[in-house]
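J.: Take this structure first; my questions come after.
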Amino acid sequence: MSKKTKQELENNKLSKRLRHAVGDAINDFNMIEPDDKIMVCLSGGKDSYALLDILRQLQASAPIDFQLVAVNLDQKQPGFPEEVLPTYLESIGVPYKIVEEDTYSTVKRVLDEGKTTCSLCSRLRRGILYRTAKELGCTKIALGHHRDDILATLFLNMFYGGKLKAMPPKLVSDNGEHIVIRPLAYVKEKDLIKYAELKQFPIIPCNLCGSQPNLQRQVIGDMLRDWDKRFPGRIESMFSALQNVVPSHLADTELFDFVGLERGQSLKHGGDLAFDSEKMPERFSDGSEEDESEIKIEPQKAERKVINILANKPKTCGS
């Protein structure tokens, strides 16, 4: 096999893997429904470009109809290349809206010099995007957070916030008017990096505001990347844990009635299981290779009727 042919094969596997990961997340959490109008938040980074690209692929083949509109918030950061996103979106024929709001000056005026601006900037941006979604008549807001973002948020909240809380794949917006979805919830960041290189997206740098990166998030990110390198399968195991929560073996009295626990009561997940050695597979699969010797993680899900976004459009007469 030639080097070129091998690379093409790898590229096809990557595209298929991403498409199926996004499709699985959409199916598992019922993210997209018939006639949805989805506002895809496009920052100019690799994640949001990939999100839009994969949703367009699914839109072309899915058995349901839904609309996509790309929205970028131009926050008037110094050096922001205003022409990049409109040029790209027009070239691929995607409806879009550029919202111009000078949040950069607001943040700089409110915060002291040298302080991390990300938190305040994020709150301002969220409010503007909610307003824009309402103006456009969108039923869903799609964000580009991926699996690594979700795990990083879990550890940030555990280490620095004292909460067992991550980033939900689907939620109701703060104002209660919109459903926010994260179709990249099952996607690995390293796959998104490869995909951006493959597709040659016109990436816009994320540090134009000059803000220092969040040190805590950087530490967590480095930790996860180190674990992924040294302990294959650990990241997959941790993400699986988010989908297999056992409240009776934690310590939150709001989630489980410890006070009302009585003798003879049968627990769904067993009572003393935490004291026994758990049977764990020697190796977890991350889904990147088709290897029958690996044990793939399949979280238990309740049966429910949802539309399979990965299915094909129904054939029409004469097709």
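For all residues, glycine too, the Cβ spot is worked out from N, Cα and C.
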J.: Tell me which range among 43-48, 289-294 Swiss-Prot lists as motif 'PP-loop motif'.
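T.: Within the set 43-48, 289-294, Swiss-Prot attaches motif 'PP-loop motif' to 43-48.
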J.: Do you know the DSSP helix, strand and coil residue counts for the motif 'PP-loop motif' (43-48)?
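T.: Going through the motif 'PP-loop motif' (43-48) residue by residue, I get 3 helix, 0 strand, 3 coil.
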